[in-house]
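Enquirer: What follows is a structure written as structure tokens; I'll ask about it next.
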Amino acid sequence: MCKLKFKCFSCLFLATDPCLNHHCKKGKVCEVDESNTPMCVCQDPSTCPRTEGEFEHVCGTDNKTYDTSCHFFATKCTLEGTKKGHKLHLDYIGPCKYIEPCVDSELNEFPLRMRDWLKNVLVTLYERDEENNLLTEKQKLRVKKIYESEKRLQAGEHSLDLLAHDFQKNYNMYIFPVHWQFGQLDQHPADGYLTHTELSPLRAPLIPMEHCTTRFFEECDSDQDKYIALEEWATCFGIKDQDVDKDLII
């Protein structure tokens, strides 16, 4: 009897709160109109939670520091439909600061570290995946081969020469991690192309630590159409054309 009452109460609550199951993208909140129909409207930046420290700050591509990502996306929403709003993206995590120019020699070093990092991230997820379902069964089978290989370069600080040598020697170990990361980012929508927004979860935390991040991903977009296709992504990381396989994005 109590369960029935609770169920009815839940139904009543859902009926009186049309926004409960109405999803809005970042920077927008749900409101109801005169006919009680839910709709998404731009959030007032002043309603964002107060920042608790500098670690919550983010830098926009307008080189302006925002208190939190909430403040950034709320501000971007108010600029929808304008040229300024179209160009405004979240650039990186942390307050805006001077980012050194990336010279050619440094740009060539960037994928060496990134490939090794992607491989190590997957291995770490595999090690911790007993109960957390961090990887699918198909992904586990792929990573298991890397994890169990005696040839695998262990995680740690390595010289660029060693990273380059390992890529040549154990090339096959890097094919799946590169595809996996693309699949993790290609979500909204999952169409085989990365937008600036989809790239942001990887790009934004990296920029303050790796000053070649922006240039690297800009040059990955070889045809300059504002999208990074799987083939372009793989080429950036040194994966051969014949090894690019959409079926590896599992």
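Using the three backbone atoms N, Cα and C, a Cβ is placed for every residue, glycine included.
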Enquirer: When you check TrEMBL, which of Cys212, Cys236 turns out to share a disulphide bond with Cys220?
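Expert: So the cysteine paired with Cys220 in TrEMBL is Cys236.
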Enquirer: Within 10 Å of the Cβ of Cys220 (disulfide bond), how many other Cβ atoms can be counted across all chains shown?
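Expert: The answer is 18.
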Enquirer: Sort the disulfide-bonded residues Cys48, Cys77, Cys96 by C-alpha distance from Cys220 (disulfide bond) and give me just the closest.
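Expert: Going through Cys48, Cys77, Cys96 one by one, the closest to Cys220 (disulfide bond) is Cys96.
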Enquirer: As a quick check of your reading of DSSP, tell me how many residues in the domain 'Kazal-like' (41-98) are helical, how many are strand and how many are coil.
Expert: 21 helix, 11 strand, 26 coil
Enquirer: Does DSSP give Cys220 (disulfide bond) helix, strand or coil?
Expert: helix
Enquirer: Provide the number of Cβ atoms within 10 Å of the Cβ of Cys24 (disulfide bond), excluding the reference atom itself.
Expert: 17
